[in-house]
Amino acid sequence: MIELENVSKNFKDKQVIKQVSLEIQNGKITTIVGENGAGKSTIIGLICGYYFLTSGKITGKQVSVMPDADNMPINMTGHNFLSFMCDLKGASMQQALELSAELGIEQALNKKIKTYSFGMKKKLSFIQAYVGESYDAYIFDEPTSGVDVPSAYTMMALIRKLKSSNQAVLLTSHNMDELERVGDYFYILKAGSIARQGTLKEVTELGLANRRYMIDVSVDMKEQLKHFMESAGIKIVSENESYIEIEIMNHMDISEIMKPLLNADITINGFWEERSHLANVAF
Amino acid sequence: MKALFKLELRQAFISRNSLIVFAIFIGLAFVFGRYVDFLSPSDLLNSLFLIYLFIGMIVASSLFSGIISNEIETQTIRYVVPYQSRGHILIVKYVTVLIYFFILIGSSILTVLALRRDASIPVQSLLFIIGAYIYSANLIVLISVLCKTEKKSIISAILVSIMLPTFSIMNMLKPSIIFKGLNKLTPYAYIDKSNGFLILIGLAVFMGVITIFVFNRKEV
C-alpha cells in the first residue's frame, strides 16, 4: 500500500500538485483520472522518486512501475532489456517470456527496441513492470494506449490478476471505458488537486439528486407506458421512438414502479439505470 | 546492483568507440615498446603515462561524459531509479569508468613489458597515473551529473580536459597566483611529486562528494 499525505509539488514558482492525499490500497485497482497536464504523471513521478516533494509525505516507496515506453534503452534487444530488468528486480525471466508470448511479442525479442512499434514498446514496458513481487504497489501509466485491442484486454486481465493476489495497483488511462471496467477507486484530478474521489458509483452519482432509468418499449406500447408513468406521478425526462427516460427520487425503490408496470400488461423489452459516466465528471 | 554493473560494463567495453580507444592505447604502447630504444623501460613507461594522462582524459570525456546525463536526457534512468538507490547508481557508473581505465592502462603496461622483456615498473609513476585516472573518473562523472544533456557534458568534459594541461603550461610560462591556484587543481601539478597520489585521491574524493550531493537532489 502507498499513501500520499498532503503532497504538493512546485516546479520553480508553479505549483503543479496541490495538497493531494490519496491511498493505493492492497487488493484494489486505484485510478487517477484527469486531463493532460492535470498532474497524473507528476504524482507518479513523486511516488517513483523521479521528483522530490515540495511538501507532504509519501508512505511506502517500493514500487514497480511502467514508465513512458518512449524512454526505453532503444539500442538493447527486447530480450536483453527484459533480462536486465528481471535481474535488477530479482524477478523471473521465465515469467517475462511467458508474458511476451501472451502479448504476442516473443518473436520480436531478439530485435533491437528501436525497431519496435509504439505498441510493442508499450507491451515490453508493461511486462517489465508486471514481473517481480514484494512491491508496495504496481504502477501502470497509460498501459494500453497504442496497443491493439486483444492485447489491451489481456493487459487488463493481468492487472486484475495482480489485484486478486492482493497487490496494490495504480492505473492511469485516457480510455474511460477501460477504467470504468477495472477500477475500484477513482481520484479525479483537476489542475493538480483531487476534485472528486470514491468508487465509480460515488464519483459518477455525486451531485445528482435523482436517479434516471431508460425503459425500452415496443412502439405500439409507448403511449400506454407514458400514460402509466404519468398516472403514477413519475416524471418523463425524455423520449424517442422506442425509449422513454424517467426520473425518480433517490429515496424511491425502482421495484415500486416496475412491479405494477409488469402487472399492467405493458411489454417491456428492457430497462437500465442511466448514470453519468466517468468522462462526464472527469472532464 | 549486480545487474546494473553487468550492463554498464557490457556497454563500456562492447562498443566500436571503446575498441578504437583500446587499439590506440595498445598501438602507442607497441610503438613505444618496439621502436623507442633510447629510453629504459622505466623511463619509457614514465613518458607513456604522461601521454596517457592527456589522451586518457579526452578519451574518457568522449566515452563516458554522457554516462549520467544521457540517461537523464533520454529518461532511460526512470527504468532504474525505482529499484536502485541513486548512490548505488553512481557507484556503478564510477567503478565502470575506473575498471575501463585500469584495464586500458594495465594492458598497455603489459604490452611494453612484453616487448622489452623487462619487469621494472616505476612505482611512483604508476601510482600517479592510477591517482590521475581516479581523479579523471570523478571529474567525468561530476560533469555528467552537472550537465543537462549528453552533448553539453561531452563538450564540457573535452574543454576541461584541454584546459587542465593549459593551466599547467600557462603556470610554467607566465607564473601568476591565478594560474598557480588553477594548476593546483589539475593532476599535472603533481607529476613527480611523492605525495601526488594522495593529493589526487583527496581531490577525487572532494569531487565525489559534490557529485553525490548534486545527483541526490537532481530530478530525473
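In case you wondered, yes, glycine gets a Cβ from its N, Cα and C as well.
On a predicted model such as this, the values are computed, not experimentally measured, just so you know.
TrEMBL has this to say about the protein:
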- B:12-36: transmembrane segment (TRANSMEM)
- B:48-69: transmembrane segment (TRANSMEM)
- B:90-114: transmembrane segment (TRANSMEM)
- B:126-147: transmembrane segment (TRANSMEM)
- B:154-177: transmembrane segment (TRANSMEM)
- B:197-215: transmembrane segment (TRANSMEM)
Taking the transmembrane segment (B:154-177) as the reference, which of B:12-36, B:48-69, B:126-147, B:197-215 gives the largest number of Cβ pairs under 8 angstroms?
B:48-69
Which residues, given as numbers and ranges, are at least 6 beyond the ends of the transmembrane segment (B:197-215) yet have a Cβ under 8 Å from it?
68, 86-87, 89-90, 94, 124, 127-128, 130-132, 134-135, 137-139, 141-142, 145-146, 185, 187, 190
Recorded stretch, among B:12-36, B:90-114, B:126-147, maximising Cβ pairs under 8 Å relative to the transmembrane segment (B:48-69):
B:126-147
